[in-house]
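Asks: Take a look at this one; I'll ask things after.
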Amino acid sequence: MSKISEVVQRARAAFNLGKTRPLQFRIQQLEALRCMIKEHEKDIVGALTADLHKNEWNAYYEEMVYVLEEIEYMIKKLPEWAADEPVEKSLQTQQDECYIHSEPLGVVLVIGTWNYPFTVTIQPMVGAIAAGNAVVTKPSELSENMANLLATIVPQYLDRDLYPVITGGIPETTEVLKERFDHILYTGNTAVGKIIMMAAAKHLTPVTLELGGKNPCYVDKDCDLDIACRRIAWGKFMNSGQTCVGPDYILCDPSIQNQIVEKLKKSLKEFYGEDAKKSRDYGRIINSRHFQRVMGLMEGQKVAYGGTGDAATRYIAPTILIDVDPKSPVMQEEIFGPVMPIMCVRSLEEAIQFINQREKPLALYVFSLNDKVVKKVIAETSSGGVTANDVIVHISVHSLPYGGVGNSGMGSYHGKKSFETFSHRRSCLVRPLLNDESLKARYPPSMAKMTRH
Amino acid sequence: MLNHVTGSGWGLHPTGRKGASAAPSPCPSRLKPPGEPEQVWARRPLLPLRMDPYADTLRRLREAFSTGRTRPAEFRAAQLKGLRRFLQENQQLLQEALAQDLHKSTFEAEVSEIRISESEIDLALRNLRSWMKDEKVPKNLATQLDSAFIRKEPFGLVLIIAPWNYPVNLTLVPLVGALAAGNCVVLKPSEFSRSTEKVLAEVLPRYLDQSCFAVVLGGPQETGQLLEHKFDYIFFTGSPRVGRIVMAAAAKHLTPLTLELGGKNPCYVDDDCDPQTVANRVAFFRYFNSGQTCVAPDYVLCSPDTQERLLPALQSAITRFYGDDPQSCPSLGRIISDKHFQRLRGLLGCGRVAIGGQSDESERYIAPTVLVDVQETEPVMQEEIFGPILPIMNVRSLDEAIDFINRREKPLALYAFSNSNQVVKRVLAQTSSGGFCGNDGFMHMTLASLPFGGVGASGMGSYHGKFSFDTFSHHRACLLRHPGLEKIYSIRYPPYSPRNLRMLLVAMEGRSCSCTLL
């Protein structure tokens, strides 16, 4: 048996012992996780700096805070969520107990990705632990420092059999996918999402796939462009554009394109100075392959700002492209880099049509002071989630499910949705074993049974 | 539309097909019955586009969806009302079809097919507008001034693949959810329940808007072809074996799905019980529809003592229900096909027949049967029985029963009979299954407020009532942010200062408010 197989079997054996059933155990593990984060704050920051040039602020604000809040929320709500949920009864079941009983699924696999390598790996884990599962975690090898850190510190705080961390690349991921799990949560790209689902199909394992897409950002003529552009610049260029829910491209009327460019530039200078390369706050591309890929997307485009890069440091300047042709490569794939194409559309209808001709994105953004415009965009498009008049922030609301639709994914998590995703909600009806007088009517022979209700 | 599909010369109608009986069993078999063709659903080479009989229909339905036709509540309500009229105006037709397909009695047809479908339609009509409403969610401190809600949206084009055992119920109830949620629907009824399939294909579309709804016919090959296309949601009821194939096909298009599969549903009978009451209930639910029910008790687990008390009680129940000659009783169904009949007749050779055991090939009749002295390794304990045969397995204790259950795949349903509520609750707590009923058969699935679905090998996802509506909807997270108040949010912008970080850390320490101070 391979080492990975052993690890998974051990997790299953530990789960089967029933260790994770008592809420106290789960809460204690979550508290240990919280301890781990607090006691290794500096190491976490260090890993994020090494992998993605993130600074302390990024590490706390864009990663750790999400996880800590999730843990907090989970601990507080667990007794309520784990309790049996009574349901409305029918006439025939008035004397019975009818409720939904939440149970752990068993052994969950969480496959993380590299762009927010702490959050997207640990936040799902929090939900899976709270729901009473054993959790096998496979962080992304591309964010190598974080993967190694997690493999080192997680076993120091959490039950080693129940919550193993597996490191490695494609061969290890392929190996682990041969094992049978009771749920798989994968964050990453569409192509690999399909592979994961195919592997899951062999075992009839349900999956949550957090994928990506090109998140459109429609900017209406009727809006405060200063504010809109500042917010867009913040969300787009955060982590050097490597954010699944970042605005991918802008749609706007040609008459405001120049203003948008100017205001984006202004915000970028406020954020990162004249030369973003010198800013402590500006990120780097994860590896050379992605660096080349993103640089390639700029070729042949009209550059209004930026457009340069440095392969040695994997730095790409914050870049704005204008008058972009929808058929060009930069409009064909998720950019996942600090390049913002602006596409001109002559009307709201054209914008909506443009969006609907493409795959459903993970997020959609609309900036307008006109309520009707906002409502129309939401009503006539689809996406995983939406924020109006800002970007990204819908994913910070614990009571909103975080997930995609169509090519951008299936299933969702965060907060209570995490608990539900990683639980089986089992329908239960318990009646007393009294004599059958009252039930005799239902038995054959069935001549007189045709009573209308 | 229908003619386009059936009249294409591809022999899609089941009567025209060769090997129509050599189709996969709807419920699983780890040991394949002898003679079953290998991989009936093996991937065929893709037919050239012009030979694809579904492309036009699917394109038409997608176009209709993109016009927004199915969005308004009025449209959806009209579809549901059409569905209700279909049931009301074709009761007799449907009863005859069910009698032809499964020898279903009027009572069973009424109670487990028509009435259940009608009540789901009524529930959806009553609640449609409230289900469609945006669901407001609690906000954290940072988003107090914003509007946060979940918008329920149709997925788009939905495929429903239905089985043959409750061909009205298991086709129409999912359809109710898909229509209520505003989707366009392609329905693929089972080719094995031929008479019902005919009614669904020829009569049902007249009651619905056919620009948004289509019925397609065919066997495994045609269904495989259909599955090459992209759907926005797939709802499948059938066997785990075919469920895997459907999920693999769905993976190619990243299509989310609900799989309602099967398993061996254990029925634990405690020593502390009234054997006659238990026997009445177990027999009723086991032999209903001649055992062809995904949630029927599949086998009994009890002590040898309880077995001794149960056997005469079961015989008494069977005689009371079906008379001395069950074959002549109109209440008892028949097996759907020759293949399944042969399979079940083979199972009669397992263990020892304690009650029943008779069969008649000409009618595909199998007597209500109880088997004892069965070994775990025998075929009757290796596959979902899906017939009127009830094996009794002996265990010496509750612990042993629970171990037995947990060694096997998670079933769709699990039953425990005992006067002791503690025993019932212990079985519940120490096992897992799609659903559970203490001291009765599959009553839990008659309650629309309980989600109906499996877990593990018995399936994923659930439906019934509001769960149907939610299953066929995408739950879109929406946050409408205040366009001003920029000062509050400005803490998040670079350049980041140590002061801002200190403020954040203090807020995190305090843990009294949300720290995502966006």
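Glycine is treated like the rest: Cβ placed from N, Cα and C.
Because the structure is a prediction, the values reported are computed rather than measured.
Relevant sequence annotations retrieved from TrEMBL are reproduced here:
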type	residues	note
ACT_SITE	A:E210	active site
ACT_SITE	A:C244	active site
DOMAIN	A:3-425	domain 'Aldehyde dehydrogenase'
Asks: So for A:C244 (active site), how many other CB atoms are inside 10 Å of its CB?
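Replies: So the number of other Cβ atoms within 10 Å of A:C244 (active site) is 29.
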Asks: Quick one: Cα separation, A:C244 (active site) versus A:E210 (active site), in Å?
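Replies: A Cα-Cα distance of 9 Å.
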Asks: Taking 10 A as the limit, how many CB atoms besides its own sit near the CB of A:E210 (active site)?
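Replies: A 10 Å sphere around the Cβ of A:E210 (active site) contains 26 other Cβ atoms.
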Asks: Under a three-state reduction of DSSP output, how is A:E210 (active site) classified: helix, strand, or coil?
Replies: strand
